[in-house]
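Novice: The following block contains the structure, expressed as C-alpha cells.
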Amino acid sequence: MNQKDTRKETLEFNKLQKRLRRNVGNAITDYNMIEEGDVVMACISGGKDSFAMLDILLNLQKAAPIKFEVVAVNLDQKQPGFPEHILPEYFETLNIPYYIVDKDTYSVVKEKVPEGKTTCGLCSRLRRGTLYSFAEKIGATKLALGHHMDDIVETMFLNMFHGSRLKAMPPKLRSDDGRNVVIRPLTYCREKDLIKYAEHKDFPIIPCNLCGSQENLQRQAIKAMLIDWDKKTPGRVEAIFKSIQNVSPSQLADRELFDFVNLPLDRDGSREEYEFSEAVVSSTNIDESLFIDVTNI
C-alpha cells in the first residue's frame with residue numbers, strides 16, 4: 001500500500017471512529033445510560049461488537065463530564081476449544097479492572113436441548129442470569145451489552161413474524177426483578193461500521209460458534225432481508241429504527257396501550273340539537289354528461 005492509500009485509509013478510519021463515538025455518546029445522553037458514580041460492567045463475549053463497545057466506552061470515559069468506572073467481565077461458559085487466555089491477556093494490555101466468571105452453562109445446554117436444535121436461546125438466558133447475579137456481587141450499577149441497531153431491528157421483525165408481537169430490544173432496560181439495569185451503548189451504531197472498526201483495530205476476536213450450534217435460521221433469514229434492503233434502499237434500516245422511537249399508540253391496535261372503547265366526541269350540545277340536511281346528490285339526479293364511455297378503452 002502506497003503512502004496515498006495509507007493516508008486515505010487513515011482518514012476514513014478517523015471519520016468512522018468519530019461517527020461511532022458520537023453515536024455512542026448520543027445514545028448514552030438520550031437514554032441517560034450512564035450517570036455520575038456508575039460502575040459499568042461491560043460484558044465482553046469476545047465478539048467484534050463487545051470489543052468495540054469496550055474500546056469506545058474507555059475512550060469516552062476519558063473525556064466524559066461525569067465520573068464512572070468501567071469493569072470488563074467475561075463469562076467463560078466452558079465451551080470446548082474456548083481460548084481462555086485471550087481475553088485476560090487483552091484486558092491486561094488495557095490496564096483495566098476485569099473478571100473472568102467460570103460457569104459451565106455449556107453442559108446444562110447440551111443436556112436440555114435436543115440434538116440438532118439451536119442452543120442460542122437457552123444459552124443466552126443462562127448467561128444473562130449469571131451476569132445479573134455477578135453484577136450485584138461486584139456492585140455494578142449498569143450492565144453494558146454490545147447489541148447494535150441491526151440487532152434491535154432484527155429482533156423487532158423476529159417478534160413480528162414469529163411471535164405476533166411488536167417488540168424489540170430497548171436501549172435501556174430494568175430487569176424483571178428490578179435489581180439490575182441493562183444498557184446498550186451501541187444502539188445507534190450500524191453493524192457494518194462495527195465490522196470495519198474491529199478490522200482496523202485488529203481485536204482478538206473469538207468465534208461464537210465453538211459450541212457447534214448455528215445461529216437461529218429465522219434470524220439468519222431476517223438478517224439477509226435487511227442486508228438486501230440496505231443494498232437496494234440505503235437508509236431503510238435507520239428509518240425502521242427511527243420508527244421504533246416514534247410510536248403512535250392511537251394509530252395501532254393495542255387495546256392495552258390505547259383506550260379505543262371510550263372515545264367521546266368533543267362537541268357542545270346534545271345529539272338532539274343537530275339536524276340532518278337533505279342529501280346534495282342522489283343516484284337519480286346525476287348529470288349523465290359526466291359519464292365516460294369506456295366501451296372502447
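Each Cβ is built from the backbone N, Cα and C atoms, and glycine gets one as well.
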Novice: If Swiss-Prot is the reference, give me the range from 45-50, 111-116, 231-236 marked as motif 'PP-loop motif'.
Specialist: 45-50
Novice: Same chain only, please: residues at least 6 beyond the ends of the motif 'PP-loop motif' (45-50) with a C-beta under 8 Å from a C-beta of the stretch. Say none if there are none.
Specialist: 74-75, 86-87, 145-148, 186, 191, 194-195, 197-198, 203-206, 208
Novice: Which residue counts does DSSP yield for the motif 'PP-loop motif' (45-50) in the helix, strand and coil classes, in that order?
Specialist: 3 helix, 0 strand, 3 coil
